[in-house]
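A.B. asks: Have a look at the structure that comes next, please.
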C-alpha cells in the first residue's frame, strides 16, 4: 500500500528558473489547488539584506499537456519533464527537490517489483487453472517445502538484494558511480540516467536508445503499467482476504455466475 501511495506523488522537477538562480532569489509558493487555478506568492530576496520585494503572479498550465484532471493547474514543481507526470500532487510531497528525486526512484523500483509480482500472481494461477501447471496459490507459496529451509532462502535473498539495492542507492547519491561492471571492469556505461542503467543486462534490445521523445514515451508506459500493477497486487491481496481464493478463480466464478459472484458477495451475510 505504501508503494501505491508513493506512486501518486511522483512527477517532475523542482520549480527553478535560470533567472531566479542568477539573481539569488528564492521562490516560495503556496500549496497547489486540488482542482483549478491558483495564485502563487513569489518572494524575491536580493543579495543585500535590506532590499526585498514581493510580487504576486498567476501560473497557467500548458494547454497541450495531459493532466490528471482536465483544466486543473499543476503545481510549479511538476513541469511535465519526468515520465508519468500528470500534475497530481495535492499534498505537495514533491515540492522539495531532494524528496522529489528520492520519491521518483522509489516509485520506479516499486513499479518494477509490482509488475514482477503481478506476473507471478496471475500467470501461474492461470496456467494452473487451465491444466498446464500445478502450482500452489501465491498466497500460500511461503508455506511450501523447497530445496532448503526458508531461513536460508531468506538470508541468501537478503544478501543478493542488499548488494543490488546498495549499488542502486549509491547511484542515486552519486550518479554514474556504479557505471563500471564490477565483474568485467572493461564494460562501462556512459550517458545513462539514474534508475535506467541500460547496457546488455538491463536493455538487451536497445529500447533505451533513440530520440528523447521515444525514450520518454517508453518510460511513461513503464510508469503507467507499474502503477496499474501496484493496484493489481493490492487488489489481489484484498481479494484473497475476503474471498479466500485467487484473482483467476474469482474471475472464472464471476464469468460463470455474473449475477451473484460479485464483489458484493464477500460482504453479504452467508
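Glycine is no exception: its Cβ is also placed from the backbone N, Cα and C atoms.
Copied straight from Swiss-Prot:
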- 68: chlorophyll b 1 binding site (BINDING)
- 88, 107, 227: chlorophyll a 1 binding site (BINDING)
- 110: chlorophyll a 2 binding site (BINDING)
- 112, 155: chlorophyll b 2 binding site (BINDING)
- 144, 222: chlorophyll a 3 binding site (BINDING)
- 165: chlorophyll b 3 binding site (BINDING)
- 168: chlorophyll b 4 binding site (BINDING)
- 221, 239: chlorophyll a 5 binding site (BINDING)
- 225: chlorophyll a 4 binding site (BINDING)
- 254: chlorophyll a 6 binding site (BINDING)
- 1-42: transit peptide (TRANSIT)
- 113-133: transmembrane segment (TRANSMEM)
- 146-166: transmembrane segment (TRANSMEM)
- 228-248: transmembrane segment (TRANSMEM)
A.B. asks: Which residue, out of the binding-site residues 112, 168, 221, 227, shows the minimum number of other Cβ atoms inside 10 Å of its Cβ in this structure?
C.D. replies: 221
A.B. asks: Counting across all protein chains shown, how many other Cβ atoms sit within 10 Å of the Cβ of the residue listed as 'chlorophyll a 6 binding site'?
C.D. replies: 15
A.B. asks: Tell me which of the binding-site residues 68, 168, 254 ends up closest to residue 227 (chlorophyll a 1 binding site) in space, Cα to Cα.
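C.D. replies: So, spelling it out, the nearest of the binding-site residues is 68.
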A.B. asks: Can you tell which of the binding-site residues (144, 222) has the fewest other C-beta atoms within 10 angstroms of its C-beta?
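C.D. replies: Across 144, 222, these binding-site residues, the one with fewest Cβ atoms within 10 Å is 144.
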A.B. asks: I need the nearest neighbour of residue 222 (chlorophyll a 3 binding site) among the binding-site residues 88, 107, 155, 239, using C-alpha distances.
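C.D. replies: Nearest listed residue in space: 107.
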A.B. asks: If you count Cβ atoms within 10 Å of each one, which of the binding-site residues 68, 88 comes out on top?
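C.D. replies: By the 10 Å Cβ neighbour count, 88 comes out on top.
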A.B. asks: Please identify, from the binding-site residues 107, 165, the residue with the sparsest Cβ neighbourhood, meaning fewest other Cβ atoms within 10 angstroms.
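C.D. replies: Fewest other Cβ atoms within 10 Å, among the binding-site residues 107, 165, is found for 165.
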A.B. asks: Please report the number of other Cβ atoms within 10 Å of the Cβ of the residue listed as 'chlorophyll a 4 binding site'.
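C.D. replies: Cβ-Cβ neighbours of the residue listed as 'chlorophyll a 4 binding site' within 10 Å number 16.
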A.B. asks: Around the Cβ of residue 110 (chlorophyll a 2 binding site), how many other Cβ atoms lie within 10 Å? Please give the count over every shown protein chain.
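C.D. replies: There are 22 such Cβ atoms around residue 110 (chlorophyll a 2 binding site).
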A.B. asks: Tell me whether residue 144 (chlorophyll a 3 binding site) sits in a helix, a strand or coil according to DSSP.
C.D. replies: coil
A.B. asks: In Å, rounded, how far does the Cα of the residue listed as 'chlorophyll a 4 binding site' sit from the Cα of residue 68 (chlorophyll b 1 binding site)?
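C.D. replies: Spelling it out, the Cα of the residue listed as 'chlorophyll a 4 binding site' and the Cα of residue 68 (chlorophyll b 1 binding site) are 16 Å apart.
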A.B. asks: Does DSSP put residue 88 (chlorophyll a 1 binding site) in a helix, in a strand, or in coil?
C.D. replies: coil
A.B. asks: So what sits near residue 155 (chlorophyll b 2 binding site) in its own chain, CB-to-CB under 8 Å and at least six residues off in sequence?
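C.D. replies: Long-range Cβ contacts: none.
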A.B. asks: Whole number in angstrom, please: the longest C-alpha to C-alpha distance across 88, 107, 227 for chlorophyll a 1.
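C.D. replies: Greatest Cα-Cα span of the listed binding residues: 14 Å.
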